[in-house]
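Taken from TrEMBL as is:
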type    : residues                                                               : note
BINDING : B:H111, B:H115, B:D302                                                 : Fe cation binding site
BINDING : B:T134, B:V135, B:S136, B:G137, B:G138, B:D167, B:G180, B:D184, B:N274 : substrate binding site
DOMAIN  : B:24-308                                                               : domain 'Gcp-like'
Amino acid sequence: MTIFALMARILLLETATDTCSVALGDGLQVIARKDASAPRQHAAEITLLIDACLKEAGWQLPELDAVALSSGPGSYTSLRVGTSVAKGICYALDKPMIAVDTLQALALASLQAEREEGVYFPMIDARRMEVYTAPFDAQNAPQGKAEAVIMEAGTFEEWHRRGIPVILSGNGAEKCRAVLPEDGVIFSAVGQCAAPMLLPLALRAFEAGAFSDTAYYSPFYLKPPNVTVSKKKLL
Amino acid sequence: MSITLLAIESSCDDTSAAVLRDGEVLSNCVANQEAHRLYGGVVPEVASRAHQVNIIPVVDLALKDAGVDKSELSAIAFTRGPGLLGSLIVGVSFAKALGLSLNIPLIEVHHMQAHILAHFAEDPKPAFPFLCLTVSGGHTQIVQVNSPFDMAVLGQTIDDAAGEAFDKTGKMLGLPYPSGPVIDQLAQKGTPKFDFPEPRIPGLDFSFSGLKTAILYYLQKQVRAEPDFVKDNLNDICASVQERIVTILLKKLRKASRQTGIKEIAIAGGVSANSGLRAGLKAMGGKEGWNTYIPAFEYCTDNAGMIAVAAYYKYLNGDFTSQSVQPAARLPQS
């Protein structure tokens, strides 16, 4: 049986940042969306938000065609909640799981909002002056690897020199105003990651059959665990 | 209608799942995380990441081992706490998603109560009320158990857990982590000829941090005088440390028994796998006229079988949890 992507029913889970966001996609349409009542409420609220979305749409979980989740990079704890819930649903109901690159989804949302020529840098806040980011062109194609970058005045020097505008979005963008030059930098209106942003890329993956291995999938942590082994000899 | 529960435990570094039907544990699967050996202790971020990839294979294995299909489950049980938050989040979130997807209730379980109720997985079962000494790498407590739902902590450690005393001694001696089982093996070949101090703690509480320091200072002093002291006396050091930890535990247990008049005495938790503690309990039980209860090895360390047993009592009692539940690194015991 072939399910056409435009008819697909996809549960969308965005848990890369502080605000947990859930939505339902019916083909290209987002037909329900619920966000957590406060930051860092993923563990308590995510299944309630899913249930509320389903009730609003009049759907049952078994009727879904797939579960799409934001892959990260982002908050480890938040990503773990989203990943565990996505795995639980997919395992329980034998549904395919789709991992959507958080940065690409954010870049696409800001591209659709701004319609500017230039290079898009979606930014996930990684505390202090650090952000997780990657470059995307005005067709939403990745132009480099995702990295953890400590923002400073010269971070985008090369793009400025080439006269290419830099378009920043995401919850890590705002703090860059303090260090970046004004010329050649556009701040997108797209600040927070939200579940509806996952839909276009989720549909594309669904159509291509690009599913994740539900059991062995891990979020995109970007950094290895920070482990220091004590070399101190006690005796 | 039979009652079939799937239980999930992910409070520390082991991912575990179990299936129980009508009070009988049908399967109890544990995925250990070897990675922590490299670091000499549990690294929370490493543990959390490992749970994330272990959870489905372990749950799937538990269901297959039990010959149970997801559709037959009556409820999903899980460890809510206490434990490492990043680890708990994986098990709790997965359990909630299963409950939502299969449209069945959730049962939250207190990890420490589950260690105690592990005694009801197999015969012989202690009679209520009984006393349980629960000892692990994270906890040391004496609990009066009046029923599966009524437990009172009579005493507990004011600093380190007994299991920590084993692990930290192992670190000093250069033994691999977790050191408890290694010290136990070496101790069996040695004699407890070194005398380490017994802490004076009032009531039924415990303290192990002073002992840890005393062991360190003693060993440092000996090594200065005799560089090969540890190598030459390893078995005897292990025997001495183990003997001291076990006597601290058992003396308080005897005190609790005499105070309460309860002679049904159980031990639980990872350290209850220690041969010195097992033998010591039997010996003391003989003198004091106790009925003693020691869990099978698979029910000593962290496992989901014990979560399933605890959840079974809650199921019979109609004690379910809502989907708004979240993990708790610290969780009061009653």
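Cβ atoms are placed via backbone N, Cα and C, with glycine included.
Keep in mind that TrEMBL annotations are predicted by a computer and have not been checked by a curator.
Location within the structure of each feature annotated in TrEMBL.
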residue	record	contacts (Cβ under 8 Å, 6+ apart)
B:H111	Fe cation binding site	B:E9, B:S11, B:T79, B:G81, B:P82, B:G83, B:D302, B:I307, B:L331
B:H115	Fe cation binding site	B:T134, B:S136, B:A268, B:G269, B:M306
B:G138	substrate binding site	B:C12, B:P82, B:G83, B:A161, B:G163, B:E164
B:G180	substrate binding site	B:G137, B:G163, B:F166, B:D167, B:G170, B:G270, B:V271, B:A273, B:N274
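In the three-state DSSP scheme, B:S136 (substrate binding site) falls into the coil class. Largest Cα-to-Cα span within the substrate-binding set B:T134, B:V135, B:S136, B:G137, B:G138, B:D167, B:G180, B:D184, B:N274: 18 Å.
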